[in-house]
Amino acid sequence: MKRIGILTSGGDAPGMNAAIRAVTKTAIHHGLEVFGIRYGFAGLVAGDFIPLTTENVDHKISEGGTFLYSARFPEFAQEEVQQKGVEQLKKHGIDAVIVIGGDGSYHGALALTRHGVNSVGLPGTIDNDIPYTDYTIGFDSACRTAMDAIDKIRDTASSHHRVFVVNVMGRECGDIAMRVGVASGADAIVIPERPYDVKEIAETIKRGFADGKDHGIIVLAEGVMDAEEFKDELLKYGDFDARANVLAHMQRGGSPTVEDRVNATKMGNYAVNLLLDGKGGLAVGMENGKLNTHDILDLFDSKHQGDFSLLDVNEEMTKD
């Protein structure tokens, strides 16, 4: 193996640049050439490759987003499109590829491996919804951004004795909502994985006001329902002022946290060493603080298990 490629695919996440940097510097240390593939699998098929050096990745560690850019490219599920991508890799002399992204990106990495190009997947998504890993690159930064926003929302909520339903990202995974909800002292956390009772949540809010509290915060995972709809349901059971706030894509931006920089660096370094050992079709993860690998194929038949103890802790402190 003399030359490897790296791409980012799907939604961007803080820490992706740190992973690209780690891959590049580790590979160069081992005498390999590194090419960045811009715009994900779309760029792979188009042959949009750029050489990466220590000099052009070193200052990227503190930057959010991905300087290789990203794009969703569902066409890569087609066999003939995959073959075009493989032909581009052969044309550029690239022997293996590291893919950073979510579950859709892993399908692409597996396809490349099946076509004879060893590929390793790194979990890059703020949603933290990848099986067999406790952590995905960007999750901690997204939580910090959401928590900072909710801290500011609380200021205005308190000024007006108002309730805010704050919608956070995560798709069908409630990990951001649970972590941010606990960190921001939410009165209720609502996630797709657990049943909820809007009337009971309204009673919790009313009880808080009766006890002298001057605001209410409900953290709502996006996979549950629209924030405005939830607010309207809530107001059926309570005579209080309420607003809905959707944090949306701001959670993907910003400089990555220490945790995201360190873990992305460890994962990028590990991925290169896997390729040097001739391994492919693997997904890198982290469980109990330690790096692991699983066959990518296993991920498609599994579901991420969140830390629901956070929800239990919050409910014990807020319910009667």
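Each residue, glycine too, has its Cβ placed from N, Cα and C.
Swiss-Prot names Arg21, Ala22, Val23, Thr24, Lys25, Gly185, Ala186, Asp187, Lys213, Asp214, His215 as ADP ligands; from the candidate set Arg3, Arg154, Arg243, the record adds Arg154 to that same site. The annotation in Swiss-Prot ties Arg72, Phe73, Gly102, Asp103, Gly104, Ser105 to ATP, and of the candidates under consideration, Gly11, Gly15, Gly31, the one tied to the same site is Gly11.
Highest Cβ count within 10 Å among the binding-site residues Asp103, Asp127, Asp187, Asp214: Asp127.
When the Cα of Arg243 (substrate binding site) is compared against those of the binding-site residues Gly11, Lys25, Arg72, Ser105, the shortest separation belongs to Gly11. In terms of C-alpha distance, the listed binding-site residues Asp103, Thr125, Arg252 place Arg252 closest to Gly185 (ADP binding site).
The two recorded residues, Met169 (substrate binding site) and Ser105 (ATP binding site), have Cα atoms 19 Å apart. Residues Thr125, Ile126, Asp127, Arg162, Met169, Gly170, Arg171, Glu222, Arg243, His249, Met250, Gln251, Arg252, recorded as contacting substrate, have a largest CA-CA distance of 32 Å. Ranked by Cβ neighbours within 10 A across all protein chains shown, the binding-site residues Arg21, Arg243 are led by Arg21.
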